[in-house]
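**Q** One structure follows; several queries about it will come next.
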Amino acid sequence: MSRVSQARNLGKYFLLIDNMLVVLGFFVVFPLISIRFVDQMGWAAVMVGIALGLRQFIQQGLGIFGGAIADRFGAKPMIVTGMLMRAAGFATMGIAHEPWLLWFSCLLSGLGGTLFDPPRSALVVKLIRPQQRCRFFSLLMMQDSAGAVIGALLGSWLLQYDFRLVCATGAVLFVLCAAFNAWLLPAWKLSTVRTPVREGMTRVMRDKRFVTYVLTLAGYYMLAVQVMLMLPIMVNDVAGAPSAVKWMYAIEACLSLTLLYPIARWSEKHFRLEHRLMAGLLIMSLSMMPVGMVSGLQQLFTLICLFYIGSIIAEPARETLSALLADARARGSYMGFSRLGLAIGGAIGYIGGGWLFDLGKSAHQPELPWMMLGIIGIFTFLALGWQFSQKRATRRLLERDA
């Protein structure tokens, strides 16, 4: 086996272990933020939405800067520093009793993510061959789902005792992850050339095809981020107990572990990437619309199942498209900018979703935020369809990934 092949094989295992630690650390804390501050402390949902939206916007919106710096200096220092900042953010969150302190903790957490997320994504593109990426992204999503359930179960159990224990556990996991990267991650370059920070950013901004694709996905992310805000609140309201939230993540894990990889393998042989992305988005949008009208937990979990199935179809295709469009000369910059849609959509989804949720509750129209999200998803579906229908874009970008 050549040294390059050996590095790729070892790199796959490293990426999987690293991803599991990151997912566990994240999901121990973040799914419970809305329960802690809205349900237990009585804050308005929009206050928590601002905190979550701030973290999302900082982490993803500044991702191009983190990616460009990683292109220049390498992945390792950025990843280790970012994970330690995330740990500091979680530690601060544990003592948050005022909105400004929660916002500050989410700011720290987001800045940490800005540093470690783009180089981690670029490492996947660097180490995984193009024809294997869709399947590897599917494996990562399966791992994400399993880690989300384990993390949410652990966090829910710890929340019975003290929210500070929840945050401390998340912080410790990110410190361990930082140590793991500091010890084992080689000093790999992310790009084929050592691209100056400004040049990498300029290269991305001039790529209008990539910029259009990324910005269009903002609507997709407005729906996707509700698994952290409105869906847990809705499950808690219908069930009458925060412990039911863990079953929402258990559903995601069961569906992902049983369906994600088979669907990815089958669909890559029969459908283009853009068709899979659009089909998943349409299912997500339609499943959102009736959520505010259900009164039973069984009905709610059925709609959540449909939402997750849509995500299972769409997410590997979205990740693979982003990697396919990235210029090898500035991988970090491209993967950083690819998060801008998540930054915009996530911030609007969290803040706007929290505001609409409060508005719908006060106006006795609980279906309002869910119908609006469904409409946004359908408009995004139409926008993607228009974008991918352009002959030039289709010919240049969207080959089958099999």
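The backbone N, Cα and C atoms fix where each Cβ goes, glycine too.
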**Q** I'd like to know whether L10 shares a side of the membrane with K361 - going by the topological domains in Swiss-Prot.
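**A** Going by Swiss-Prot, L10 and K361 are on opposing faces of the membrane.
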**Q** Tell me which of 67-87, 340-360 corresponds to the transmembrane segment entry in Swiss-Prot.
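**A** Swiss-Prot lists transmembrane segment for residues 340-360.
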**Q** Under 8 Å, at least three CB pairs between the transmembrane segment (300-320) and the transmembrane segment (368-388) (pairs 6 or more apart)?
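**A** Answer no: the transmembrane segment (300-320) and the transmembrane segment (368-388) share fewer than 3 Cβ pairs below 8 Å.
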**Q** For the transmembrane segment (139-159), name the stretch out of 13-33, 165-185, 277-297 with the most CB-CB pairs under 8 Å.
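**A** The listed stretch sharing the most Cβ pairs with the transmembrane segment (139-159) is 13-33.
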**Q** Taking only the residues in the topological domain 'Cytoplasmic' (117-138), give me the average pLDDT of this model.
**A** 76
